[in-house]
């Protein structure tokens, strides 16, 4: 009979290490905590932890956490294999719900867009939108669905080299579903409009580049229009 997971110990270990080592908590969400730490001395990395959920049965919690860790690690590996920029996977401890990965030092796309003045939009943002469109097309062509494709989940190598790096595949999956891919695009559209209210013309560049980069994307783009209409109806109804 398998040993019952020590739920409290798993929770306290993470928080004690954060406190004692004075690590930098980058983000704390409902499912995971991301921490800036070192993989080995001098090598900065990002540690993503999935703390135990006290309200969930310990064995079920560990199984779900392990599954999500493995799915995310496989998505990162698949992205690298097909040439999509994302953090390099260093190490995974699925039983503890932890993934060590490359630290990306550049700004996130959300912050980069907000810093751009109106006179620089054509010069800086249009090329970035086209690049995002082509990279998302590459993702979907290879049946990679991000699951939370927002401007906060895209980093840049630097301000001077605005190449998108996709992060946080915690809600991602491998899926052939046109619906899943269409929802990815819709989430991106909503995120762009939230980041930059006058983003409609910019998003056209994302869609154009997506269509040009993936010749079999017509069905997904048709489904995107359906998803978009459903979203607008929900907004109108409230």
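The backbone N, Cα and C atoms fix where each Cβ goes, glycine too.
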According to Swiss-Prot, which candidate in 48, 53 joins 26, 27, 28, 29, 30, 31, 32, 33, 34 at the ATP site: 48
Long-range Cβ environment of residue 26 (ATP binding site), under 8 Å and at least 6 residues apart: 34, 35, 36, 46
Least surrounded among the binding-site residues, given as 30, 32, when other CB atoms within 10 Å are counted: 30
PLDDT averaged over the residues of the domain 'Protein kinase' (20-238): 90
